6 protein chains.
Amino acid sequence: MIRLFFLFFFLIFSCEASVQDFCVADFTAPEGPAGYSCKNPANVTVDDFVFSGLGKAGNTTNLIKAAVTPAFAAQFPGLNGLGISIARLDLAPGGVVPMHTHPGATELLVVVQGSIATAFISSANTVYLKTLKKGDIMVYPQGLLHFQINAGGIPAIAFVSFSSPNPGLQITDFAFFANNLPSILVEKTTFLDAAQVKKLKAVLGGTG
Amino acid sequence: MIRLFFLFFFLIFSCEASVQDFCVADFTAPEGPAGYSCKNPANVTVDDFVFSGLGKAGNTTNLIKAAVTPAFAAQFPGLNGLGISIARLDLAPGGVVPMHTHPGATELLVVVQGSIATAFISSANTVYLKTLKKGDIMVYPQGLLHFQINAGGIPAIAFVSFSSPNPGLQITDFAFFANNLPSILVEKTTFLDAAQVKKLKAVLGGTG
Amino acid sequence: MIRLFFLFFFLIFSCEASVQDFCVADFTAPEGPAGYSCKNPANVTVDDFVFSGLGKAGNTTNLIKAAVTPAFAAQFPGLNGLGISIARLDLAPGGVVPMHTHPGATELLVVVQGSIATAFISSANTVYLKTLKKGDIMVYPQGLLHFQINAGGIPAIAFVSFSSPNPGLQITDFAFFANNLPSILVEKTTFLDAAQVKKLKAVLGGTG
Amino acid sequence: MIRLFFLFFFLIFSCEASVQDFCVADFTAPEGPAGYSCKNPANVTVDDFVFSGLGKAGNTTNLIKAAVTPAFAAQFPGLNGLGISIARLDLAPGGVVPMHTHPGATELLVVVQGSIATAFISSANTVYLKTLKKGDIMVYPQGLLHFQINAGGIPAIAFVSFSSPNPGLQITDFAFFANNLPSILVEKTTFLDAAQVKKLKAVLGGTG
Amino acid sequence: MIRLFFLFFFLIFSCEASVQDFCVADFTAPEGPAGYSCKNPANVTVDDFVFSGLGKAGNTTNLIKAAVTPAFAAQFPGLNGLGISIARLDLAPGGVVPMHTHPGATELLVVVQGSIATAFISSANTVYLKTLKKGDIMVYPQGLLHFQINAGGIPAIAFVSFSSPNPGLQITDFAFFANNLPSILVEKTTFLDAAQVKKLKAVLGGTG
Amino acid sequence: MIRLFFLFFFLIFSCEASVQDFCVADFTAPEGPAGYSCKNPANVTVDDFVFSGLGKAGNTTNLIKAAVTPAFAAQFPGLNGLGISIARLDLAPGGVVPMHTHPGATELLVVVQGSIATAFISSANTVYLKTLKKGDIMVYPQGLLHFQINAGGIPAIAFVSFSSPNPGLQITDFAFFANNLPSILVEKTTFLDAAQVKKLKAVLGGTG
C-alpha cells in the first residue's frame, strides 16, 4: 500500500528521466553536430558503459614502435554526448608518437609504466618539454602540436584522456605526405626541400 | 508595388529563418545529445509553445503528501533545445519532497502559496537552509542534494524552473532502495544498517 | 576515532569543492564575459541564494499599467554563473508590456493570477498568439519580439524565468525613441512618418 | 614495407577521425537543436566547403535599394555545426538595411567598398553610431537592434560574418506589419498611431 | 636576412597568441564562473602543465580502506579552463568509495591494477553494475550516484578522468550526516529511522 | 508627465542591462578562461566597437610575400566574449600563407581581390583543395591544417573570419623550427632528415 503511493509519485518523473542522463550512440541513425543519435534507453545495458579494449597492449612491432588504442565514441558508444574519451598508448623502447594535434580536445596523459619524454608547442612557439615518470600527468591544451617518446629502456604505457568524445587526431606527417596533396604545394607551404618531400611521400604512401 | 519590392528583399531571408528560432520536439524522429529532432516548422503552431498542465494541483493524497508536475521537453515539446523548463510543486500540510538532485540543471523555486522549508547541501557539506514565504525565491546550484518541506498549516504551491529542458531527477531513496541493487552493496556504500536497508527496500519496492 | 579516519578522506576533497558548486557574484571585483567574479565561499550564506523582492506587487500606477520586477544576477547575486533568472510581472487591468526582446535568453512565463494575451513573432514573421489563463505557461525562444497584455478585468500576475542569469531587455520603443538617435535615421530605418517619430520621441524623452 | 607499418598505425585512428572534423548538412535527414544531420563523410567533397554565391551583387533595384545575400547553413551546408556564417550586403546610393536583430548571433561587418552609416542600440538604450569607410569593421553584439545606410554617393559593399551558422534575422518592420498580427495589438504594444499602423500594414502586406 | 623577414610575419601574430592557448590558474586573482584568472603567460613554465602527485598510493589505512587523490584545477593549475581533470583511486582489499555524485562532470574510470565492482544509478533508478578488471574502463554520466568497491584480494588502483577541471564531489553520507542539518529534517527527507540517523551523525561528526 | 511614468518603468531594467549586452576588454584587469575582464560600460563608446586597422594592405615585402593583419580581441577589445573575430590577408603575386592551424576556431575566408589556391586536410588525411576567385568563400573546420597561395598574377586580398575572439595561430614551420626544441627531437617526431631540420632551423632562427 505504502509502496503504491510512492510509486505514484515516482512515475510522474520516470517517463522522461532517462532522456537527459545519457545518450548511448546508435550508429544506425543519423549523426549531428553534437554527436550520434541515441539508442533507445530501454535497450541500454551496463555493457554500453563498459569497454574492455584497453586491457592489452597495442601492437608496437612497427617502425615507430608505438601503438595507440582509442576508446572514442566511435569505439565506445556510451561516451556519446558526455564530453570525455580515452586511449591507451604503448611505446616500446625507442617508440615515438610523432608530432600531432587533436583538433577537438584537450589531452591529459598519465604514465602508468616506464618513462616518456614529451612536449607541446604553443601558438607563441614556446616549447613545453618534460620527461615524465610513472604516475606523472601532463596536460596538452586543445589543438596544439605535441609528441611522446619512450624515454627509458622498458616499454612505456600511458592512458590519455580527452575533453571530448571525439577529439580527432591529425598527425602532421600523414597530413603532409600520406595523401594526394601535390608535392609542389607541400614544398611551397612547408619550405621543405623537394627531395625531402619526395622521400617522405614514398615512405608514407602519398601520391602527387 | 512597393510591397512586391519589399517582399523580394524579405524572401531572401525567410527560407532559413525558422531553422534557428526554435526546434519543437518531434518524438517520432531520432534523439541526439542536444535534444529531440525538430518538427517541421510548417507544422508548428502556437499550441506547441503553450502548456496548460500546470493549472491544477497535483494529487497529494499520497504518503509524502506532495506532487510534482513537470513541464520538461518530454511533456512540453516547445522547450526542446531552448535551455529552460519548469514544474509545479504541490505540498499538502506535512508534505515533503525528499532529498534529490537534478543531474543536469540548476533549479530556481518561487513560492506562490504557503510556506516552504528548504535546503541544499554543497560539495563542502555545508547546509544552506531557509524557510521561504510567498513570493520568496531560492536557487539550488546544479547537481546538489536538496529538499522541500511544507512549513505552514496550509497547502503550499511553488513553481520550479530549471536551466535545461531536461533537468533529470534522482531521488536518493529511490536510487538506493527502489531497484535491484543488492542489499549488501547498499549497506557497504551507504553505511546504513542491514535492517534499515531491508525496511526501506520493502517500502519502496526494491529487490535484492 | 572512526570520525577522524573519515575526516581524513573527506578533507582531501573539501578544499576545492566549493569552487565549482556556485559562484556568488562579488560586485566589487572585475566582471568577465561569463559573469561576475565569485565571492569567497567562506563568506557565502543561505541569504545569498534567497531573494525576497518578488513577494509584493510592482507599482503599476503608470501609463502602461504594468511593472516588471527583475531578479537577475545584478539583483540576486546567487544566480551568477548558474544559467537561470526570474522576474515578476504585474499587469493591472488594461496593462501592457510593450514589444521587446531578451537578447541573451529564452523566456518561460507562468500565469499565477488573471489572464494574459501574448504573442511572439518568429524570424519568418509568423505570429504565435495566445490568451493564457492561470496556470498556463508559454515559452518565447531567445531574441524574438514578444509582448504581454492583461486580457481580463482583474490584475494579472506572472513569473517569467530566463535561460540566463543576465537575459537583457530591449524594449523596441525605447530603443527607437528614448535616446539621441537622430529622427531622420529613425525614419529611414523604420519607415515611420516624421510626425510619428517626433510624437513618440517627445513622449519617451528622446532627443535628436 | 615501411609504408605498411605506418599504415597499420594510421588505420587505428582513421575510422572515427572524420566524425568530429566536420558535419556537412544533410537536408534530407532530421534536424536537431544543434543543427542539421551530417552527410556521410565518404560523400563529402571540397565543394561542400566552398560557396560561390557571394561573388556577384545582389539586386538592389527595390525600394530600400539594398540586398542581402546570405551564406548560412541552409545555403552553405559545409557550415553546419561550425559556429560561423557570412552574408554579402549591397547598398545602392540611398540604400538602407532597416532596423533588425539577429536573435542567435553576434555580427561583424567589414566594408569593402563605399561608406556605410550604422548603429546598434544597447539594452540600456544607448546608441553606438558611426560612419564606416572601406576597410573599417564594426561588431554588433548578439540580439541587439541595428541598421546600415549607404553614406556615400556610390554603391557600398560589405561582408557580414556571424558567430553562428544560423544567426536568424528579424526585421522589426516585417515583424510588426507584414503578418496577421491584429492592428489593435500592434498599436497597444508599440504606441504607434492607428493610421501609421494601417499605412505600414498596407505597404508591407500585413492583414488584420 | 631571410630570418628577419620571417620574424616580421611572425611578430604580427605572436602578441595575442598565448591568450587563447591556455589559462594557467592564478589563485591570487579573482575567480569567475568559468574558472580562475590566468597567470601571466610570460611566467608560465612546463611545470605548470605537469603534476606529480598521483605517482604514489594514497593512504588507505582508514575505515573505508580507500583514498582518492585529486588533480583538479585547485591542485593542478594548468587544467584551468581546459575541460578536463583526473584523480587517482586506491582501494585496499575491502576498500569502498561510498555512494557519491560529481555535480559538474562525467567520470571515466580505467582500472590499472586489481579488480573493482562498481555501479551507477540512473534517474530512472536503473542500476548499471559491473565488475571491472585491469584495463577495463567505465563511464559514469554527469551527476548520477555511483560507487566503487575492491572486488579482489589485492589492492586496486584506478585513474578517474572528469569532463571538467572542477568536477565537484558530493558523498551522500557526508551530505546527510556530517554537518549541522537537524536530525528531524534528515529523517523526514530520507525516511531513515531516527536511530539510524543518530548513529551515523555520531560516526561522521554531524551535529543537530 | 507621461515621460516620467515611462521612465519609472524603464529604470527598473536599465541598471543591469549593459551587463550582458557586451564585455569590452579591459586589458588592465585579470583575464580568465572566458576572456578578458569587462571595461566599465559607462566608459564604453562606439569606438570600442569599431576597428580601422584592416583598411590598408599589410606589408608583403617579405620572403613569403604575404601579410596577415589580425583584428582579434587583443587588437579589437569590443570583440571580447562575443564569439567572433576577423583578419585581413594580403598575398602578393607568389605569396604564400604556410601550413598552419587555428587551435581555437573555425575559419571562413572570402576573397575580395584576385585568386587564391587553398586546401585543408582532415583528420582522415583527405585533402580538400580548391582555387577560389573573387567572391568565393571557403570554410576550414576548427583545428585542421590549411594553407593559402596566390593563384593569380595580381595581389590577392581576403578577409578571414573566425568563430572565436581568440582563434590562435600555429604555423607548423615556426612550431618545428623557430624555437629551442632540440633538433634530435624534431627529427624523431617528424621523420625529417637532420640536414633539412638544420637548414630550416637556421632560416627561422631556431636553436638546439
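Including glycine, each Cβ sits where the backbone N, Cα and C put it.
Feature annotations, courtesy of TrEMBL:
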| type | residues | note |
| --- | --- | --- |
| SIGNAL | E:1-17 | signal peptide |
| DISULFID | E:C23-E:C38 | disulfide bond |
| DOMAIN | E:52-198 | domain 'Cupin type-1' |
| BINDING | E:H100, E:H102, E:E107, E:H146 | Mn(2+) binding site |
| BINDING | E:H102, E:E107 | oxalate binding site |
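Apart from E:H100, E:H102, E:E107, E:H146, the Mn(2+) site neighbourhood in this chain, defined by C-beta within 8 angstroms of the site C-beta centre, holds E:T101, E:F120, E:Y140, E:L144, E:L145, E:P167, E:L169. Taken residue by residue, the domain 'Cupin type-1' (E:52-198) breaks down under DSSP into 22 helix, 58 strand, 67 coil. E:C23 (disulfide bond) is 30 Å away from E:H100 (Mn(2+) binding site) when you measure Cα to Cα. Around the Cβ of E:H102 (Mn(2+) binding site), a 10 Å sphere holds 25 further Cβ atoms from the protein chains shown.
For E:C23 (disulfide bond), the same-chain residues 6+ apart in sequence whose C-beta sits under 8 angstroms from its C-beta are E:G35, E:Y36, E:S37, E:C38, E:K39, E:N80, E:G81, E:L82. By a Cβ separation below 8 angstroms, chain F lies close to these of the recorded positions E:C23, E:C38, E:H100, E:H102: E:C23, E:C38.
Each residue in the domain 'Cupin type-1' (E:52-198) has a pLDDT score, and their mean in this model is 97. Look at E:C23 (disulfide bond): DSSP puts it in coil.
Classification of E:C38 (disulfide bond) by DSSP places it within a strand. Long-range neighbours of E:H146 (Mn(2+) binding site) (same chain, six or more residues apart, CB within less than 8 Å of its CB): E:M99, E:H100, E:T101, E:E107, E:T118, E:A119, E:F120, E:I121, E:Y140. In the shown protein chains, 21 other C-beta atoms lie within 10 A of the C-beta of E:H100 (Mn(2+) binding site). Counting every protein chain shown, the number of other Cβ atoms lying within 10 Å of the Cβ of E:C38 (disulfide bond) is 23. The Cβ of E:E107 (Mn(2+) binding site) has 22 other Cβ atoms within 10 Å, all protein chains considered.
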